[in-house]
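**Student:** Just lifted these from TrEMBL, have a look:
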| type | residues | note |
| --- | --- | --- |
| TRANSMEM | 59-78 | transmembrane segment |
| TRANSMEM | 90-117 | transmembrane segment |
| TRANSMEM | 123-144 | transmembrane segment |
| TRANSMEM | 156-178 | transmembrane segment |
| TRANSMEM | 190-221 | transmembrane segment |
| TRANSMEM | 242-262 | transmembrane segment |
| TRANSMEM | 268-286 | transmembrane segment |
Amino acid sequence: MSAISITANEHYSDTWAHNATRVWGIPMHPLSQMSILDFVTESMADGDVARARGRLFGIQLQLTVFILAGWVFVRNLVISVRLSRRQLHALPGWCCLISSLLGTSLAVLFGLAMVFPQFNCHILLWYFIFAKNISCFCHSTIILHKLYLALLRRRWVLIVGTVVNTLHLAFSAILIMTSVIALEPYYGCVIYYISLAPLLCVTTSTPQSALFLFVFSHIAYQQYRKLGLRAWRQLARDGIQAMILVLTVNLVCNLLLSFKVGRDLADAFFYIDWVLTLTILTNYCVNVCNAADSLSGPRHDNSNMTHVDITPTITSSNGRRFTSKANLTSYFNIQSTR
């Protein structure tokens, strides 16, 4: 599915909009109501080879993208299901499960649209907008959860993160209400969004990503001052490295999207961001789960504290003491799985 930044008002002013079928007051473009199969076979029946080749190219390109992305989503879905079964009360695992399930279902839906005429471009693109924004909400929740624990449960983290995540969900509603969807040669299913859409997307996500990236980078720097060259390995085990990588990917993709790098193919950064972020966070959840299993010792009925051997220690800002084997962020990982 491609997203082309052409002012939607140009399409609303066309004659088709006056007589078009409307859903929730939104005019449905005639080409968006046509099934993908009819869109391809219509030009073949007319004998227009060049037109048929252009239509087929766009559909084949999108199908290839969804097959590749679908394989990654299924892989993450299988891992997320195993994580959720191992730790039923762990929030990050469930967030990864929801995101991977939405991505898998989107790939399946596109495959069904190739065969069944009931699944047209409007259904595909509206579901894509819904699934992408819910997945972004899940990814932000994992990052917010990690940051909340790493900063000793500061409430301002929850407030800022919740407000920004809510605004990001509102962006999907604005996009649905103001965009025009159609089937186009060489592109397949496309969405003509308003010129302000990239700016709104960047405004609702980039500031949060930049802020959280700064905070996690500061934590990494503090760990480097305490552990020296061992810090990067420790940060990889504790998940801070994964958080920095996720936020960097999100920030770079948003900036490339806002500057329309690649022009009509700039929407590929939507998929790149989704697939890479989900894969990194899924691997992070696996590491957290494995670390919790390896560091958790015998528990007593009257205690839920994890036993850790005391060796040379690191002291946190609130007076707690941690070993180099289970440092500050490892402690937070264990607590987050309970």
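Keep in mind that glycine also has a Cβ here, set from the backbone N, Cα and C atoms.
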**Student:** With Cβ-Cβ distances below 8 Å as the criterion, list the same-chain residues six or more beyond the ends of the transmembrane segment (90-117) that contact it, or say none.
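**Tutor:** Same-chain contacts beyond the flanks: 35-38, 59, 62-63, 66-67, 69-70, 72-74, 76-77, 79-81, 83-84, 123-124, 127-128, 131, 134-135, 138-139, 141-142, 145-146, 274-275, 278, 281-282, 284-285, 288-289, 336-337.
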**Student:** Counting Cβ pairs under 8 Å to the transmembrane segment (156-178), which of 59-78, 123-144, 242-262 comes out on top?
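**Tutor:** When the Cβ pairs under 8 Å are tallied, 123-144 comes out ahead.
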**Student:** Under 8 Å, at least 3 Cβ pairs, sequence separation 6 or more: does that hold for the transmembrane segment (242-262) versus the transmembrane segment (59-78)?
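**Tutor:** No, the stretches stay apart by this measure.
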**Student:** Assess whether the transmembrane segment (190-221) lies in contact with the transmembrane segment (123-144), where contact requires at least three Cβ pairs under 8 Å among residues 6 or more apart in sequence.
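**Tutor:** Yes, since the transmembrane segment (190-221) and the transmembrane segment (123-144) share at least 3 Cβ pairs closer than 8 Å, they count as touching.
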